[in-house]
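What TrEMBL says about this protein:
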SIGNAL    1-29  signal peptide
DOMAIN    38-231  domain 'L-asparaginase N-terminal'
ACT_SITE  Thr47  active site
ACT_SITE  Thr47  active site, O-isoaspartyl threonine intermediate
BINDING   Ser94, Thr127, Asp128  substrate binding site
ACT_SITE  Thr127  active site
DOMAIN    251-361  domain 'Asparaginase/glutaminase C-terminal'
Amino acid sequence: MFSRKFQSCAQLMLATVMMSFVATAPARAQQATAKLPNVVILATGGTIAGSGADSTTTVGYTSATVGVERLIAAVPELKKVANVKGEQVFQIASESMTNAHWLTLAKRINVLLASQDVDGVVITHGTDTIEETAYFLNLTVKSNKPVVVVGAMRPSTAISADGPINLYNAVMLAGSKEAVGKGVLVALNDQINAAREVTKTNTSTTDTFKSTELGMLGYIQGSKPYFYRQSTRKHTLESEFDISKLDSLPQVDIVYGYANMNRIGMDAFIAAGAKGIIHAGVGDGSVAAQMKPALVEARQKGVLIVRSSRVGQGIVARNGEANDDELDSVVSDTLSPQKARILLMLALTKTNSTQEIQRIFYTY
Ligand code: SIN
């Protein structure tokens, strides 16, 4: 009798405990999900969304064929590090990225990051111009929340495709406290690079992205970011550029330096309406004797000249290989020609003063 009573009492207690567990389980699960950061993935195309004829196709595949929902579904592990939502912003190979795409993207990111419900943004992107998009966003995003641009060197259909792990790392990084205030980041191959310094160094290998002499910011290991340094140039919240009301940018083109260079390209760009020219000179941004009259005439027409270098490393010295005071030109500091183009376009939305634009080049 006693034991039967005890048994039923024990059963009742067990049932009560079970019921309370069952009742609170969804609430607990919800709490755990709520603790994860909310990250939006903006997909733009590229090899990360590419597909090849078979699993060994790592060149000659088609970029930008896989949609954002399939990219997300291919990495179920994303759910462990963030609450993820996807948006297909464009579906293009990144060599076709234009100023108009950048303006659309930056505006969308600014809207998303202004919301309290979004903790970070990841942009999936082709690797060919990833460094340019990242630098443009570095100068135009108005938030200190993490923005991570990611791509892949192998299409999604390849053996050992690098897209899934790169996307997982990027989402984790975009949801991390460590990435707050670091400016726009480019994360591939377990490495974190600053938008200003990173560049593609190899046409096809997965370790292609380097910040060369200035160095990367850190690593990703075991689902955690490790930062060791920071870019010292202004970005994001400290940037003076506001694209919110712009629907185009001033035309700026790049003329490439080489032995036997001539002025045909530069004159053609100016005739086609260029407001600025990046002169990607040899060495320390040297200007060939036959190019000097073209530069002088360009300034007389009000076209801004920035002396950059095709070398890829080092500071272009003001009044070094050319007399910038006399030419009324600007030097690019350490910016590559393709990034100098971006900064000059944005600078020209604010001013035509060479002194002011030189200050801008020493600031960003
Ligand atoms: C592209 O930039 O869209 C193609 C190349 C790549 O993503 O690696």
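Counting begins at 1 with the first residue displayed.
Note: Cβ is positioned from N, Cα and C throughout, glycine not excepted.
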Reduced DSSP assignment, Thr127 (substrate binding site) = coil
Key: Other CB atoms, at most 10 A from the CB of Ser94 (substrate binding site)   = 22
Key: Largest inter-residue Cα distance among Ser94, Thr127, Asp128 [record-listed substrate binders, Å]   = 7
Key: Cβ-centroid neighbours of substrate site Ser94, Thr127, Asp128, 8 Å, sequence order   = Gly46, Thr47, Ala93, Glu95, His125, Gly126, Thr129, Ile130, Gly151, Lys200
Message = Based on DSSP, tally up the residues of the domain 'Asparaginase/glutaminase C-terminal' (251-361) by helix, strand and coil.
response = 44 helix, 21 strand, 46 coil
Ask   = Hey, how far is Ser94 (substrate binding site) from Thr47 (active site), Cα to Cα, in Å?
value = 9
Ask   = If you count the other Cβ atoms within 10 Å of each Cβ, which of the recorded positions Thr47, Thr127 comes out on top?
value = Thr47
Ask   = Can you tell me the three-state DSSP label for Thr47 (active site)?
value = helix
Query = Once near-sequence residues are set aside, which residues in the chain of Asp128 (substrate binding site), 6 or more away, have Cβ atoms under 8 Å from its Cβ?
reply = Gly46, Ala93, Ser94, Glu95, Lys200
Query = What is the interatomic distance between the Cα atoms of Thr47 (active site) and Thr127 (substrate binding site), given in whole Å?
reply = 7
Message = Need the DSSP three-state call for Ser94 (substrate binding site) to compare against my parser.
response = helix
